[in-house]
Amino acid sequence: MQSSLSLSFSPTSSATTISRSHHSFPLSTGTKPLNLRFCGLRREALGLGFSTSLNRNLHQQQQLPRRQYSAVVSAARSDNGSSSGSSFDYDLLIIGAGVGGHGAALHAVEKGLKTAIVEGDVVGGTCVNRGCVPSKALLAVSGRMRELKSDHHLKSLGLHVSSAGYDRQGVADHANNLATKIRSNLTNSLKAIGVDILTGFGTVVGPQKVKIGSSDKIVTAKDIIIATGSVPFVPKGVEVDGKTVITSDHALKLESVPEWIAIVGSGYIGLEFSDVYTALGSEVTFVEALDQLMPGFDPEISKLAQRVLVNPRNIDYHTGVFASKITPARDGKPVLIELIDAKTKEPKDTLEVDAALIATGRAPFTEGLGLENVDVATQRGFIPVDERMRVIDANGKLVPHLYCIGDANGKMMLAHAASAQGISVVEQVTGRDHVLNHLSIPAACFTHPEISMVGLTEPQAREKGEKEGFEVSVAKTSFKANTKALAENEGEGLAKLIYRPDNGEILGVHIFGLHAADLIHEASNAIALGTRIQDIKLAVHAHPTLSEVLDELFKSAKVKEHASIPVSEPVAV
């Protein structure tokens, strides 16, 4: 998730000033290019300034001979750093060994910090054990099944397949084995660099102090990161039995493939499971509280996705309704779902199905952390933080040396966002000011075909333009014009660019089509780096590849010829 950015400055003048939204940094010239680690952060997060002391420390770090610097990093990797005579047990203690905690730990050791990670369950957290990893294994199966069962698609390629079937337990084993493998890889990667894995639930008992498990063991650390993640959110009135009324945690075990399953919620989780269940032969009914399916996506993408992912499949739906009560199947009776109007709360209908999957989002896992011991009150379960992930107490003041990343802070509930936040925190505690631009973080839904997005939707962009007084334009391109997509017989798809024509700033990109989840990163990196459309138009893409969808998209944008207004730095959210 990291790359290198090399900056070189012309020696024709004695100093160059980089100006950003809040700071200006004078840089001496005539020096060798600086290699700066970059991770989807605003460019002022390069850490060049902010205070005299920071400048002095960074200058000393930059002047550190390459051989000496390598030795420091090697030492950190071999013996987990050193607290340098500190009175603390660790430089950094991370509560939670999910993707966010893992990413922070790796970066901390690289920075020379003595690091420990506390885990009360298993390494890998939700993503690896009950989320994105096993779900991708199931989706890989559903993708193959769709190909094998599509006679029209196969015949167009000159292929003949007699029949396609599956072994439910074999599919479930594939998902479980993948989770086990990735969990083992993460555990071994932490051990290999000397991160101490402390088993037990971590509880903050005071400033810079954490109690491990039910014992009286207290561990101290100069800085603490809370990375406890989230759990499935189950609305009131829903009775989960783990068999016929299930959450995503249960569904990933694939203990059964019901003939008819209702999915409550049509966001990322609901859509992906509808892809899996329909590929394996189930009928699906969506129950959505809002007036349209896929409410979190760009409206134009939602309409196209519904036409491709919902309408042709064994899926029906009820929108604008709440599932006020869900009763598991028992005594020979089916699962009962009582629906009420989302606005009037009047009874609407009752569904009788074989199973129900609750896909209504996720809730932060923050209970029992001892936050009251540092005067922190959660907001709907989320831990309040500022743009630098620093925890805010009940009086609106920052809690020194305490940070929170990932789902527990609610800023952006994605595994890779948690990892980026963790890396940003580590940069801060090691002397570089980092502010993560969440508008540069991509998201993806791994249906067939996929959906991906980064930045603002068109309605959000137009609202922003109206408030701030700038014009918003939209460019689109179709997968039907892409050679590689046509070769795969997968021409159904659209890429959409939302931008400012006055300065070429990319406000948002949305893709629906083959490998959309892989294609989005060119756009997300462009937003992170502040690259303008008029510059990215000059980039070269291999032919014939799907990446040319983005190439054509950027080339079709109409930026004013003499655009001179600088690209604004998005406010961290």
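Glycine residues also receive a Cβ, built from the backbone N, Cα and C atoms like all the rest.
Quantities reported herein were computed from a predicted structural model and do not represent experimental measurements.
Copied from TrEMBL, the annotated features are:
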type: REGION; residues: 1-26; note: region 'Disordered'
type: COMPBIAS; residues: 1-17; note: compositional bias 'Low complexity'
type: DOMAIN; residues: 90-422; note: domain 'FAD/NAD(P)-binding'
type: DISULFID; residues: Cys127-Cys132; note: disulfide bond
type: BINDING; residues: Lys136, Gly202, Thr228, Gly229, Ser230, Asp407, Met413, Leu414, Ala415, His416; note: FAD binding site
type: BINDING; residues: Gly265, Ser266, Gly267, Tyr268, Ile269, Gly270, Leu271, Glu272, Glu288, Gly361; note: NAD(+) binding site
type: DOMAIN; residues: 441-552; note: domain 'Pyridine nucleotide-disulphide oxidoreductase dimerisation'
type: ACT_SITE; residues: His543; note: active site, proton acceptor
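The distance from the Cα of Ser230 (FAD binding site) to the Cα of Gly265 (NAD(+) binding site) comes to 17 Å. Max Cα-Cα distance over the annotated FAD binders (Lys136, Gly202, Thr228, Gly229, Ser230, Asp407, Met413, Leu414, Ala415, His416) is 30 Å. Taking the binding-site residues Thr228, Ser230 in turn and counting surrounding C-beta atoms within 10 angstroms, the largest count is reached at Thr228. Of the listed recorded positions, namely Lys136, His543, the sparsest Cβ surroundings within 10 Å are found at His543. Cα of Ala415 (FAD binding site) to Cα of His543 (active site, proton acceptor): a span of 32 Å.
Counting every protein chain shown, the number of other Cβ atoms lying within 10 Å of the Cβ of Ile269 (NAD(+) binding site) is 23. Of all the binding-site residues listed here (Gly265, Gly267), it is Gly267 whose C-beta has the fewest other C-beta atoms within 10 angstroms. Residues listed for NAD(+), Gly265, Ser266, Gly267, Tyr268, Ile269, Gly270, Leu271, Glu272, Glu288, Gly361, cover a largest CA to CA span of 15 Å. Counted within 10 Å of its Cβ, the other Cβ atoms near Cys132 (disulfide bond) come to 19, all protein chains included. Cβ neighbour count for Met413 (FAD binding site): 21 (other Cβ atoms within 10 Å of its Cβ, all protein chains included). Shown in sequence order, Gly265, Ser266, Pro295, Tyr317, His318, Thr319, Gly320, Val321 are the residues of the chain, 6+ apart in sequence, with a C-beta less than 8 angstroms from the C-beta of Glu288 (NAD(+) binding site). Highest local Cβ density among the recorded positions Cys127, Leu271, Ala415 belongs to Cys127, counted as other Cβ atoms within 10 Å over all protein chains shown.
Cβ atoms within 8 Å of the centroid of the Cβ atoms of Gly265, Ser266, Gly267, Tyr268, Ile269, Gly270, Leu271, Glu272, Glu288, Gly361 (the NAD(+) site) belong to the same-chain residues Ile263, Phe273, Met294, Ala359, site residues excluded. Secondary structure by DSSP for the domain 'Pyridine nucleotide-disulphide oxidoreductase dimerisation' (441-552): 42 helix, 29 strand, 41 coil. Note: the CA-CA distance between Thr228 (FAD binding site) and Cys127 (disulfide bond) rounds to 12 Å.
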